[in-house]
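Here is what TrEMBL says about this protein:
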- A:21-44: transmembrane segment (TRANSMEM)
- A:64-84: transmembrane segment (TRANSMEM)
- A:111-137: transmembrane segment (TRANSMEM)
- A:149-168: transmembrane segment (TRANSMEM)
- A:180-201: transmembrane segment (TRANSMEM)
- A:221-241: transmembrane segment (TRANSMEM)
- A:248-266: transmembrane segment (TRANSMEM)
Amino acid sequence: MTAFTQALRAEVAKVTTTRMWWVIAIVMVGYVVLMAGGLGAALGFAAGQDGGGLPPGVDLSSTIYSFATGIGYVFPVIVGALAVTGEFRHQTVTPTFLAVPRRGLALGAKFVVQCGLGALYGVLAFAASIGAGALALGLAGLETGLGTSAVWMLVARGVVAMALWSAIGVGLGALVRNQVAAIVIVLAFTQFLEPILRLVALLTPVTQAIGQFLPGAASDGLVGASFLAVGGMGGGGIAILDWWQGGLVLLAYAVLTTVGGYLTTWRKDVT
Amino acid sequence: MTATDHPTVPGAPIEVRGLTKTFGGVTAVQDLSFDVRPGRVTGFLGPNGSGKTTTLRVLLGLVAPTAGTATIGGRAYRDLTDPLRTVGAALEAASFHPGRTARNHLRIQAMADGIDLARVQQVLDAVGMSEYADRRVGGYSMGMRQRLGLAGALLGDPGVLVLDEPINGLDPEGIRWIRSFLRSLAAQGRTVIVSSHMLGEVQQSVDDVVIIANGVLVRSGTIADLEAENPPVVLVDAPDRDALARALQEAGLPFTFGSDGFRVATHDAALVGHAAFVAGVELRTLHRLSTGLEDTFIALTTRGAAA
């Protein structure tokens, strides 16, 4: 176990000794503040106009706060993927494997540490969405929900989701190995492919049942609120996994991609 | 870190047995066997692309052999419990994150193998890098990267050192420094293997040589044996060649005559000069030829390439 503890320490130091983690964190926070603050202001204004234009059963504050994961999740995926692909790009995988020749141990340590970093991103993202969202709601004279346990449970589940997204990034990075390819895949899938798939899946009950197992949908299930589940779809009626089911599905994606990456590229020759 | 700090550091022998590695259909190393002994500096020599780096990477567990074994003290690298404290390696493609400082790179390596972090400053001092240690590696020169690679190899105070082309990119002062450094490491009882594509580069600092070409062993043995096969020669010439020939004969110095002068079979140019002086012969040329070792090296490696 000490070998694993040593590997964990080294992986933490790898994160903290370059600038990437906080540069990406700043971009994420800025993005979430803009979206949560902007939507909070817009919906707050609309709600003030006609006394609440939201579908029944949808909690405005939770929806706005969930921007932290709803749009922020792409950042931990990218950070997790870069943690692996960067090792190949800069050939630091050579010193890494020299120090930890049992490669599974090295990848396991990376998985765990990136989960931790993803959780930290989750905390930062919720600080951003709640900070900007509550401010906008408060200014519109609406309920911020900050006194309710439901909001804080949402935050806790969201932090877990962000941790798992980071781990999925690790798995994807290990599968792909090429940094540019990994980023392209992350962006294409999260920003384009999955939203379309989720939309198309809504067309029939069968595809809808399958669609809820898509990673983004599972993540929304885990967090328990999402602007995608609300936005334009008329609210209720969309199949979504329970929070624990969503969490398990997300965990399964993380584990499967990482084990797959280990079996395919991580064990290859380092030349 | 001086030699007195470590009067004896027991180095383990390196054993390569029947090592073969093919990449795709290309054979990089074929049925290679050799030993590297502790307390000596071994030059691992061969032209570029002859399979040196592949062999070292197999030894270090980075590349899986197609057949055969490469062990350190009888164990494969991947089975070592404290790898960095057993084997220190600096590989040619010195691989550092450009955005990370040298000190942080070394700290990460130390953490990963449970090495006392105080060692980081010690090895930085040992390679003369303390001044630059807190700069990002991205701005380093080739020579600085080589030194950082060496610092990483020394981090765990290992008994075995594997250095791939450590002299590449060093300035003359750095080359002189590393030569004496390698000698002192071996004098402490460590096993030191140094690869190079030029024999002349390491000739003065190695005890043993392992020469490969096209992935095949062409020679292994002591440098002394190799040198003995290539006796040193002094080149001498005079405006009056007949007089010089007589002088050499009188001094009992065997020689041959070539287009550029007389080749005298001795290592001592002063002896030849004295013979000429005694006979009153004016000299035009007098110098010791670099031994034919480099020629032999090229002959050996081209022969290997043809095989």
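Backbone N, Cα and C define each Cβ position, glycine as well.
Heads up, TrEMBL stuff is auto-annotated, nobody curated it.
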The transmembrane segment (A:248-266) in contact with the transmembrane segment (A:149-168), cutoff 8 A, at least 3 CB pairs, sep 6+: yes
Cβ pairs under 8 Å between the transmembrane segment (A:180-201) and the transmembrane segment (A:21-44), at least three: no
Non-local residues, at least 6 beyond the ends, that sit with Cβ under 8 Å of the transmembrane segment (A:149-168): 59, 61-62, 65-66, 68-69, 72-73, 76-77, 79-80, 111, 114-119, 121-123, 125-126, 130, 215, 219, 222-225, 243, 246-247, 250-251, 253-255, 257-258
Remote residues contacting the transmembrane segment (A:64-84) - C-beta distance under 8 A, at least 6 residues beyond either end: 14-15, 20-21, 24-25, 27-28, 31-32, 35-36, 39-40, 43, 110, 114, 117-118, 121-122, 125-126, 128-130, 133-134, 136-137, 145, 151, 154-155, 158, 161-163, 165-174, 176-177, 179, 182-183, 186-187, 190-191, 216, 219-220, 223-228, 261
For the transmembrane segment (A:21-44), sequence-distant contacts whose Cβ falls under 8 Å of one of its Cβ atoms, 6 or more beyond its ends: 15, 54, 60, 64-65, 67-68, 71-72, 75, 78-79, 117, 120-121, 124-125, 127-137, 139-142, 227
